[in-house]
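K.L.:
Below is one structure. I have some questions about it.
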Amino acid sequence: MEKVLSACAGAVATMLFVNPFDLVKTRLQEVSKMPNAEGRYSGTLDGLSKIVRKEGPFALWRGLSPGLVMAIPSTSIYYVGYDYIRDHTKVRFQGTAMDTYAPLWIGGLARSATAAVVSPMELFRTRLQSAEGATGGFKDALNGIQTMIRSEGILSLWRGLVPTMLRDVPFSAIYWMMYEEFKRQLHTHGQQTHLQQFQHSFFAGATSGTVAAVVTTPFDVVKTRRQVSSNNEKHLVRLIRNIMVNEGIKGFFRGVVPRVMKVSVASGIMISSYEVGKHFFAHREQPLAR
């Protein structure tokens, strides 16, 4: 239960801070039917300023409510699930290749389970963030999803799951492999204080998240386009081909700057909050055990 509380606390702090960058990233990646849509934001700062000017400052936190609802099951499954499997792997396969490369496959496995559970909520959040205007975003996104369910069935709620898995599984594999190595290098001797635990975890998480975010941005672009697309754009291969033909390689890295800014900070805050929380509860329980 302590691990779940640590993960949820970290998720809330993370989402409050990075939601504006996630919003701009979604807007940059989503290409509307309007001919001038591609150039509506010249970059991250331009996007942030235009959203505040046209829609108000609170628009930067559009999609926060479903994001927070999504954070509770996703962080519980992802971080606690990873820790649980990792601990059992160390005991059973210690010293073997299975243990050495455990972060690769455990990270991917934990992320796959998480993506399958929260995919409908992420679909709604992406639709909500892609809608412009100071009002009506929630209603428009909800109406759009209701129409989609009526025309395509309940499974349409998992639209974008395949590109989400293509993004999240390699991201998690890269992230956890790098994070575990950074953590091992940084924690070389003795017990760590809460501050040292936070600093080391934040650095390891932010650095690992940055690398993983850059590598997996093309899949994030495809996922966003898939979730906000109309019916005639729903085929994944066709969608990828259209991006390549119409926008070239750079189209697959649309929104990479706000994505890296968001993911690096989010990874640092999330994992450091989680690790410090575990550290705090572990030290708190030690006197009780004596």
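Note: Cβ is positioned from N, Cα and C throughout, glycine not excepted.
Under the heading repeat 'Solcar', TrEMBL lists 1-88, 98-185, 196-280.
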K.L.:
Give the residue counts of the repeat 'Solcar' (98-185) per reduced DSSP state, in the order helix, strand, coil.
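P.N.:
Across the repeat 'Solcar' (98-185), the residues distribute as 78 helix, 0 strand, 10 coil.
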K.L.:
From the DSSP assignment alone, can you count helix, strand and coil residues within the repeat 'Solcar' (1-88)?
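P.N.:
Breakdown, helix to coil: 73 helix, 0 strand, 15 coil.
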K.L.:
Please spell out the DSSP helix, strand and coil residue counts for the repeat 'Solcar' (196-280).
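P.N.:
Final tally across the stretch: 78 helix, 0 strand, 7 coil.
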